[in-house]
Amino acid sequence: MPSNSTKILLLTTLVSGVLVAVSSNSWFGAWMGLEVNLMSFIPLMSNTKNMYNTEASLKYFIVQVLASATLLFMVVMKTLAEDLFSLAFMETSYTPMIICTPLMLKSGAAPFHWWFPGVMEGLSWENCGLLMTVQKAAPLMLMSYLIEINVFTSSIILTSTVMGAIGGLNQTSMRKIMTYSSINHTGWMLAALITGDNLWLTYFMIYSTLVLTVLSAIKLSSVSFINQTLLTNKEAMLTKFMMFTSLLSLGGLPPFLGFLPKWIVIQEMIVNKMTPMATIMVITSLITLYYYLKISYSSFMILSEEPKWNLQSHKNKTSKKISAMIMSSISLTGMLMCSIMVGMI
Ligand SMILES: *[C@@H]1O[C@H](CO)[C@@H](O)[C@H](O)[C@H]1NC(C)=O
């Protein structure tokens, strides 16, 4: 397990990798940034307390290296074709798609999502959080340079949202649920990307906040599987409440903050005449909300027993509890605050 100082170093290089990738003005520089980012994330994954992370880091390494190598190869090929031979074949409409595909593999959009659940299953919650938020920033930003509306992009978006909704059905592991939710939100971010206007950045920011909120509540109650939420003591009632309300917020239930980016994206898609796609995406989000609500209901009402031996206390977790409470109140009232602020301006 890396020591704290090593962690600080690696987190710094990880973030600088992202910054290099998003701010470079050549594809080679972008590739370099992605590589620095990957090489600092791999050692962060290691943990001596269990063995799953070795498998996870190996899987992650192989997939990401495949993606970077493909990206570099495509970029070099494009440059060579343009500079040396001025071949016409690279000028065809599929060049952006060819460069976008490895970036989609990197960010885990379906159908390139197969590595994602397996990798998440072997990571600690902190690393899961990094994988779902920071690690998606650079590929999405790079995609925003060349993505365009066509059949390829639309089918990626649709498969991502459908996979996210169907894949999460009947999952019992919290990590799996968060993974499929992440795949789904990648699809929504791609949809925000093709409507233009940096809308995806707003979506990404709110999504990251919500993911961190859910993760802090999950960490606080040390839950890895859904059945562990059914039996809890009275003290943990509050953490349970925070966990499920922020999960519903992540699922886009109207009064919560998570509905805001969803609303904006649907609005923009309708303005851009993508109503059929928006309809399908809304239907998939309905499937999601169905099973999120099912989980929340059963955990709150049906099986809420308190076993006698469940005497663990949360006394030494006060600071974590306070930060989780602040975050989940943002996720609960964020949208109302936004509308009040817009009304005042
Ligand atoms: C996918 O994202 C949409 C929009 O935020 C949301 O309504 C839906 O519940 C999400 N589905 C999953 C599986 O997270």
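Every residue, even glycine, has its Cβ placed from backbone N, Cα and C.
Quick look at what TrEMBL annotates:
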DOMAIN    24-288  domain 'NADH:quinone oxidoreductase/Mrp antiporter transmembrane'
TRANSMEM  60-81  transmembrane segment
TRANSMEM  93-116  transmembrane segment
TRANSMEM  142-165  transmembrane segment
TRANSMEM  200-220  transmembrane segment
TRANSMEM  241-264  transmembrane segment
TRANSMEM  276-293  transmembrane segment
TRANSMEM  322-344  transmembrane segment
Contact set, same chain, for the transmembrane segment (60-81): CB under 8 Å, 6 or more residues outside the stretch: 27-28, 31, 34-35, 38, 41-42, 45, 87, 89-90, 95, 98-99, 101-103, 105-106, 115, 119
Criterion met for the transmembrane segment (241-264) and the transmembrane segment (142-165) (at least three Cβ pairs under 8 Å): no
Beyond the flanks of the transmembrane segment (322-344) by 6 or more, those residues with Cβ under 8 Å of it: 206, 209-210, 212-213, 216-217, 220, 238-239, 242, 245-246, 249, 255-260
